[in-house]
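Engineer: Quick one: the structure is below, and I'll ask about it shortly.
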Amino acid sequence: SEIPDPLVFPPVIVLCVFQNGSLFDRVFNTYTLMHTNQTLEFVKRKHVEWTSYNHARMGMMDAIMSLDQLVDESDPDVDFPNSFHAFQTAEGIRQAHPDKDWFQLVGLIHDVGKIMALWDEPQWAVVGDTFPVGCKFQNSIVFRENSFQDNPDDKNPSYNTEYGIYEPKCGLDNVFMSWGHDEYLYRVMKFNKCSIPEEGLYMIRFHSFYPWHSHGDYMHLCNDKDLKMLPWVNEFNKFDLYTKTTEMPDVDKLKPYYQSLIDKYCPGILQW
(Lines of atoms letter the chains of each structure in order from A; the text may use other names.)
(Lines give C-alpha, C1' and ligand atoms only; values in the text may rest on other atoms or scores of the structure.)
Protein backbone atom coordinates (compact mmCIF):
# COMPACT_ATOMS: atom_id res chain seq x y z
CA SER A 1 0.00 0.00 0.00
CA GLU A 2 1.19 3.51 -0.73
CA ILE A 3 2.97 5.46 1.98
CA PRO A 4 1.23 8.80 2.40
CA ASP A 5 4.18 11.15 2.90
CA PRO A 6 7.96 11.10 3.05
CA LEU A 7 9.65 10.92 6.44
CA VAL A 8 8.74 14.35 7.74
CA PHE A 9 8.08 15.40 11.31
CA PRO A 10 5.07 17.70 11.51
CA PRO A 11 5.32 20.86 13.59
CA VAL A 12 4.47 20.22 17.20
CA ILE A 13 1.61 22.24 18.58
CA VAL A 14 2.61 23.91 21.81
CA LEU A 15 -0.46 24.27 23.96
CA CYS A 16 0.33 27.29 26.09
CA VAL A 17 -3.16 28.66 26.54
CA PHE A 18 -3.81 26.42 29.53
CA GLN A 19 -0.57 27.09 31.43
CA ASN A 20 -2.49 28.41 34.42
CA GLY A 21 -5.56 27.25 36.22
CA SER A 22 -7.33 24.02 37.04
CA LEU A 23 -7.09 22.47 33.57
CA PHE A 24 -3.31 22.76 33.56
CA ASP A 25 -3.16 21.38 37.11
CA ARG A 26 -5.27 18.39 36.09
CA VAL A 27 -3.03 17.61 33.12
CA PHE A 28 0.23 18.15 35.03
CA ASN A 29 -0.89 16.02 37.99
CA THR A 30 -1.86 13.16 35.68
CA TYR A 31 1.55 13.25 33.98
CA THR A 32 3.43 13.51 37.28
CA LEU A 33 1.71 10.36 38.56
CA MET A 34 2.43 8.65 35.24
CA HIS A 35 6.09 9.62 35.19
CA THR A 36 6.57 8.59 38.81
CA ASN A 37 4.94 5.17 38.57
CA GLN A 38 5.55 3.92 35.02
CA THR A 39 8.62 1.74 35.53
CA LEU A 40 9.74 -1.33 33.60
CA GLU A 41 8.53 -3.57 36.41
CA PHE A 42 5.14 -1.81 36.50
CA VAL A 43 4.68 -2.19 32.73
CA LYS A 44 5.51 -5.90 32.82
CA ARG A 45 2.94 -6.36 35.61
CA LYS A 46 0.28 -4.60 33.55
CA HIS A 47 0.97 -6.84 30.56
CA VAL A 48 0.17 -9.87 32.72
CA GLU A 49 -2.88 -8.24 34.33
CA TRP A 50 -4.58 -7.02 31.16
CA THR A 51 -3.74 -9.74 28.64
CA SER A 52 -5.94 -12.36 30.28
CA TYR A 53 -8.84 -10.63 28.43
CA ASN A 54 -11.28 -11.49 31.20
CA HIS A 55 -12.54 -7.98 32.01
CA ALA A 56 -15.56 -7.93 29.70
CA ARG A 57 -17.17 -9.32 26.56
CA MET A 58 -18.71 -6.69 24.31
CA GLY A 59 -18.90 -5.48 20.73
CA MET A 60 -16.76 -2.60 19.50
CA MET A 61 -19.62 -0.09 19.14
CA ASP A 62 -20.71 -0.70 22.74
CA ALA A 63 -17.13 -0.14 23.87
CA ILE A 64 -16.95 3.14 21.93
CA MET A 65 -20.20 4.43 23.39
CA SER A 66 -19.15 3.47 26.92
CA LEU A 67 -16.43 6.14 26.63
CA ASP A 68 -19.17 8.77 27.07
CA GLN A 69 -18.58 8.24 30.79
CA LEU A 70 -14.96 9.34 30.51
CA VAL A 71 -13.22 12.72 30.24
CA ASP A 72 -9.50 12.34 29.55
CA GLU A 73 -7.55 14.04 32.38
CA SER A 74 -4.38 14.31 30.27
CA ASP A 75 -5.93 16.25 27.38
CA PRO A 76 -6.09 20.06 27.54
CA ASP A 77 -8.06 20.20 24.28
CA VAL A 78 -11.08 18.09 25.08
CA ASP A 79 -13.55 18.60 27.88
CA PHE A 80 -16.35 16.53 26.38
CA PRO A 81 -16.84 12.74 26.12
CA ASN A 82 -14.39 10.63 24.17
CA SER A 83 -16.96 9.02 21.89
CA PHE A 84 -17.49 12.41 20.19
CA HIS A 85 -13.77 12.67 19.42
CA ALA A 86 -13.89 9.12 18.01
CA PHE A 87 -16.53 10.03 15.42
CA GLN A 88 -14.88 13.40 14.67
CA THR A 89 -11.56 11.70 13.92
CA ALA A 90 -13.17 9.00 11.80
CA GLU A 91 -15.12 11.55 9.76
CA GLY A 92 -12.00 13.65 9.17
CA ILE A 93 -10.20 10.59 7.82
CA ARG A 94 -13.24 9.57 5.75
CA GLN A 95 -13.19 12.95 3.99
CA ALA A 96 -9.48 12.75 3.19
CA HIS A 97 -9.24 8.99 2.57
CA PRO A 98 -12.62 7.82 1.23
CA ASP A 99 -10.99 4.73 -0.29
CA LYS A 100 -9.42 3.45 2.96
CA ASP A 101 -12.26 2.16 5.12
CA TRP A 102 -9.83 0.46 7.52
CA PHE A 103 -8.16 3.85 8.16
CA GLN A 104 -11.57 5.39 8.93
CA LEU A 105 -12.25 2.58 11.40
CA VAL A 106 -8.90 3.17 13.11
CA GLY A 107 -9.96 6.80 13.56
CA LEU A 108 -13.13 5.61 15.25
CA ILE A 109 -11.57 3.06 17.60
CA HIS A 110 -8.09 4.45 18.30
CA ASP A 111 -8.89 5.57 21.86
CA VAL A 112 -11.15 2.68 22.88
CA GLY A 113 -8.38 1.28 25.09
CA LYS A 114 -9.30 4.09 27.50
CA ILE A 115 -12.12 1.79 28.57
CA MET A 116 -9.59 0.51 31.14
CA ALA A 117 -10.34 3.66 33.16
CA LEU A 118 -13.94 2.46 33.54
CA TRP A 119 -12.59 -0.78 35.03
CA ASP A 120 -10.70 0.96 37.85
CA GLU A 121 -7.37 1.53 36.13
CA PRO A 122 -6.06 4.98 37.19
CA GLN A 123 -5.98 7.49 34.35
CA TRP A 124 -2.20 7.89 34.56
CA ALA A 125 -1.97 4.23 33.42
CA VAL A 126 -4.51 4.74 30.63
CA VAL A 127 -4.30 8.15 28.94
CA GLY A 128 -1.64 10.59 27.77
CA ASP A 129 1.55 10.48 25.72
CA THR A 130 3.60 7.27 25.84
CA PHE A 131 7.35 6.64 26.05
CA PRO A 132 9.72 3.66 26.30
CA VAL A 133 10.67 2.24 29.68
CA GLY A 134 13.87 0.31 30.32
CA CYS A 135 16.06 3.03 28.81
CA LYS A 136 16.79 6.74 29.31
CA PHE A 137 13.76 9.03 29.50
CA GLN A 138 14.44 11.51 26.69
CA ASN A 139 13.96 15.27 26.97
CA SER A 140 11.20 15.23 24.35
CA ILE A 141 8.79 13.61 26.84
CA VAL A 142 6.20 16.14 28.01
CA PHE A 143 7.09 17.66 31.43
CA ARG A 144 10.37 15.69 31.36
CA GLU A 145 12.36 18.06 33.54
CA ASN A 146 10.03 18.23 36.52
CA SER A 147 8.02 15.01 36.71
CA PHE A 148 10.45 12.05 36.72
CA GLN A 149 12.45 12.78 39.86
CA ASP A 150 10.64 10.10 41.89
CA ASN A 151 10.76 7.39 39.21
CA PRO A 152 13.31 4.79 40.44
CA ASP A 153 14.23 3.75 36.87
CA ASP A 154 15.59 7.27 36.25
CA LYS A 155 18.34 6.54 38.80
CA ASN A 156 18.92 2.88 37.87
CA PRO A 157 22.16 2.48 35.86
CA SER A 158 20.70 -0.56 34.08
CA TYR A 159 17.85 1.54 32.70
CA ASN A 160 19.00 5.17 32.49
CA THR A 161 21.44 4.90 29.58
CA GLU A 162 20.63 5.67 25.95
CA TYR A 163 19.91 2.02 25.13
CA GLY A 164 19.24 0.62 28.61
CA ILE A 165 18.07 -2.99 28.19
CA TYR A 166 17.75 -2.71 24.39
CA GLU A 167 19.99 -3.32 21.37
CA PRO A 168 20.53 -0.72 18.63
CA LYS A 169 17.75 -0.83 16.00
CA CYS A 170 15.95 -3.57 17.94
CA GLY A 171 12.57 -2.37 16.64
CA LEU A 172 9.66 -0.87 18.54
CA ASP A 173 7.94 -4.28 18.58
CA ASN A 174 10.65 -5.29 21.07
CA VAL A 175 10.45 -2.16 23.26
CA PHE A 176 8.37 -1.93 26.43
CA MET A 177 6.23 1.21 26.15
CA SER A 178 4.66 2.94 29.15
CA TRP A 179 1.35 1.21 29.84
CA GLY A 180 -1.76 2.84 28.42
CA HIS A 181 -4.67 2.67 26.02
CA ASP A 182 -2.52 2.32 22.87
CA GLU A 183 -0.83 -0.91 23.87
CA TYR A 184 -3.97 -2.35 25.44
CA LEU A 185 -6.17 -1.84 22.36
CA TYR A 186 -3.42 -3.15 20.07
CA ARG A 187 -3.28 -6.34 22.10
CA VAL A 188 -7.08 -6.66 22.19
CA MET A 189 -7.12 -6.36 18.38
CA LYS A 190 -4.45 -9.05 17.98
CA PHE A 191 -6.08 -11.41 20.50
CA ASN A 192 -9.48 -11.14 18.83
CA LYS A 193 -7.89 -11.67 15.38
CA CYS A 194 -9.17 -8.40 13.91
CA SER A 195 -8.23 -7.97 10.25
CA ILE A 196 -7.15 -4.31 10.26
CA PRO A 197 -3.93 -3.98 8.16
CA GLU A 198 -0.55 -3.67 9.86
CA GLU A 199 -0.43 0.09 9.13
CA GLY A 200 -3.66 0.54 11.10
CA LEU A 201 -2.44 -1.57 14.01
CA TYR A 202 0.71 0.60 14.12
CA MET A 203 -1.44 3.73 14.29
CA ILE A 204 -3.34 2.24 17.22
CA ARG A 205 -0.21 1.12 19.04
CA PHE A 206 1.95 4.23 18.63
CA HIS A 207 -0.35 7.23 18.06
CA SER A 208 0.41 8.54 21.57
CA PHE A 209 4.20 8.09 21.19
CA TYR A 210 4.78 11.81 20.58
CA PRO A 211 8.51 11.81 21.41
CA TRP A 212 8.95 9.52 18.39
CA HIS A 213 6.49 10.59 15.73
CA SER A 214 6.49 14.34 16.45
CA HIS A 215 10.01 14.93 17.83
CA GLY A 216 12.06 12.35 15.93
CA ASP A 217 13.37 10.86 19.16
CA TYR A 218 14.19 7.21 19.94
CA MET A 219 15.31 6.61 16.34
CA HIS A 220 18.24 4.59 17.72
CA LEU A 221 15.73 1.88 18.70
CA CYS A 222 13.88 1.83 15.36
CA ASN A 223 14.28 -0.73 12.60
CA ASP A 224 13.29 -0.48 8.93
CA LYS A 225 9.71 -1.54 9.67
CA ASP A 226 9.28 1.32 12.16
CA LEU A 227 10.60 3.86 9.66
CA LYS A 228 8.28 2.50 6.99
CA MET A 229 5.30 2.81 9.35
CA LEU A 230 6.17 6.26 10.73
CA PRO A 231 4.56 8.24 7.86
CA TRP A 232 1.31 6.34 8.42
CA VAL A 233 1.34 7.23 12.12
CA ASN A 234 1.98 10.87 11.23
CA GLU A 235 -0.82 10.82 8.66
CA PHE A 236 -3.17 9.51 11.33
CA ASN A 237 -2.11 12.10 13.87
CA LYS A 238 -3.09 14.95 11.58
CA PHE A 239 -6.69 13.89 12.16
CA ASP A 240 -6.30 12.98 15.83
CA LEU A 241 -4.94 16.47 16.58
CA TYR A 242 -6.84 18.71 14.22
CA THR A 243 -10.40 17.33 14.40
CA LYS A 244 -10.98 18.28 18.04
CA THR A 245 -13.72 20.87 17.67
CA THR A 246 -16.76 21.76 19.72
CA GLU A 247 -19.02 20.91 16.79
CA MET A 248 -20.73 17.68 17.80
CA PRO A 249 -21.05 14.92 15.19
CA ASP A 250 -24.48 13.36 14.56
CA VAL A 251 -23.60 10.02 16.09
CA ASP A 252 -26.95 8.33 15.44
CA LYS A 253 -26.73 9.19 11.76
CA LEU A 254 -23.14 7.97 11.46
CA LYS A 255 -23.49 4.76 13.45
CA PRO A 256 -24.83 2.44 10.69
CA TYR A 257 -21.90 3.20 8.37
CA TYR A 258 -19.30 2.64 11.06
CA GLN A 259 -21.05 -0.48 12.32
CA SER A 260 -20.58 -1.90 8.82
CA LEU A 261 -16.82 -1.27 9.12
CA ILE A 262 -16.77 -2.91 12.54
CA ASP A 263 -18.61 -5.91 11.07
CA LYS A 264 -15.96 -6.12 8.34
CA TYR A 265 -12.79 -5.82 10.43
CA CYS A 266 -13.57 -6.64 14.08
CA PRO A 267 -17.02 -8.25 14.17
CA GLY A 268 -19.12 -9.70 16.94
CA ILE A 269 -18.42 -9.89 20.63
CA LEU A 270 -14.79 -9.19 21.58
CA GLN A 271 -12.93 -10.25 24.70
CA TRP A 272 -11.48 -7.32 26.63
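Backbone N, Cα and C atoms are what each Cβ position is placed from, and that goes for glycine too.
Remember, TrEMBL labels are computer predictions, not curated facts.
Dumping what TrEMBL says about this protein:
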| type | residues | note |
| --- | --- | --- |
| BINDING | H85, H110, D111, H181, H207, D240 | Fe cation binding site |
Engineer: Hey, what's the Cβ neighbour count for H181 (Fe cation binding site) at 10 Å?
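Structural biologist: Taking all protein chains shown, H181 (Fe cation binding site) has 27 Cβ neighbours within 10 Å.
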Engineer: When the number of other CB atoms within 10 A of each residue's CB is tallied over all shown chains, which of the binding-site residues D111, D240 has the maximum?
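Structural biologist: Ranked by Cβ atoms within 10 Å, first place goes to D111.
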Engineer: Provide the number of Cβ atoms within 10 Å of the Cβ of H110 (Fe cation binding site), excluding the reference atom itself.
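Structural biologist: Taking all protein chains shown, H110 (Fe cation binding site) has 27 Cβ neighbours within 10 Å.
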Engineer: Would you mind pulling the DSSP three-state label for H207 (Fe cation binding site)?
Structural biologist: coil
Engineer: For H207 (Fe cation binding site), write down the residues of its own chain that are at least 6 apart in sequence and whose Cβ falls under 8 Å from its Cβ; none is a fine answer.
Structural biologist: H110, D182, H213, V233, F236, N237, D240
